[in-house]
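What TrEMBL records for 49-72, 84-108, 120-144, 164-186, 206-232, 253-276, 282-305 is transmembrane segment.
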Amino acid sequence: MLPSFLQYIGPDFNFTLSYVIHNGFELDQDFYGCSGGVPESNHHRRQYWGVYFITVGILILILYSTCLIAIAKSDQMKTSAYKTMLFLGICDLSSTMIHSVATGILGYNGIGFCDYPRLIFTLGSIGLGSWMGCCISSMVLAFIRICDLNSQIKMRKCFAGWKIYVILLVFFMYSLYAMFLSKPLIFNPVYMSWFFDPGVGKDPTLYINVIHTFNNVMMAVSTIVFYGYLAIVFLKESRSSATKKLTQMQVTILLQTFFFCIFHAIGAAIYAYMQFFESSEFIVLVGHLAWQSSSGSVCMIYLTLNRTIRRSVVKLVCSRKYNVEHYAPSIISVHPRSRANSRMFEMSNFHNFH
């Protein structure tokens, strides 16, 4: 009864983590069986790249975890944006464990799918679910920012009050669907990246993941549209002003839009492309680095461009005797008389910009 139901909501049930769990952690040998003719993978050890991914991954985990703790303790947690940022952070941490730490360890040792099929299958499922959770929450955060700029958008009411919890539950279910009822990513040590084809000699078209392709195309397009819209709004404001120059606040927000847009769009587009077309080692590596940067850039932007979170992190990691008011100057210099107004403006503009 249970397998029939799962096959109904997941047509490729035999390719999924749910099937593996239900089958006593045994993979379907018709699609993921390793024959004796499969080449040995330990001939493709990438020790330098392995050390790089492990080191950067640990750094991202430390910095991002600190930011998440600061976000969770912030007074702004009552806002829908901060709740979404927390969900995004959890997905990013899970994703970092796969695209950096696991990738580094597997690549350093030249471990391929047929060396540890169940482990790599499981890690690939987690990585896919985490990535798709990051995508959907990132897109909604961009839309929340647009709603803040345009109060006439009626859909902004969908994120108010208890409704944000319903949206976050949908995000969670979307991520779980990708993790348990979708074809997983499989690590390939030759390219130091993750593909859907396990490379066991079967037809590669069997492993095409449609929902992943849809997710990535939607991510690439919507990210450019949403963040491009924000950039255009600020550029128009600067042209209509007397000085015709962007303020430091606008420059800061434009920098955020650029970094979030470029890494998510590149990573999503290349990973979708890799499913259907043969890609060079360079293109594959760029795509994987973009996936890694899509997580790492978030915590770096929190610490460099978001004054509210940066100050919270300082309070968290420094001694109680440390006077946060004497912390290094922020990006935006504020006259003492207007400090209160600037603080209110910052809280209303930066707290919901991931």
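From the backbone N, Cα and C atoms, a Cβ is placed for every residue, glycine too.
Spatially, the transmembrane segment (120-144) is adjacent to the transmembrane segment (206-232); three or more Cβ-Cβ distances between them are under 8 Å for residues at least 6 apart in sequence. Tertiary neighbourhood of the transmembrane segment (49-72): same-chain residues 82, 85-86, 89-90, 92-93, 96-97, 99-101, 103-109, 192, 292, 295-296, 298-300, 302-303, 309, 312-313, 315-317, selected by CB-CB distance under 8 Å and a gap of 6+ residues from either end. Long-range contacts of the transmembrane segment (84-108) within the same chain: residues 45-47, 49-58, 60-61, 64-65, 67-68, 71-72, 77, 120, 123-124, 126-127, 129-131, 133-134, 137-138, 140-141, 144, 164, 167-168, 171-172, 175, 187, 189, 192-194, 288, 291-292, 295-296, 298-299, 352, 354, each at least 6 residues beyond the stretch ends and with a Cβ under 8 Å from a Cβ of the stretch.
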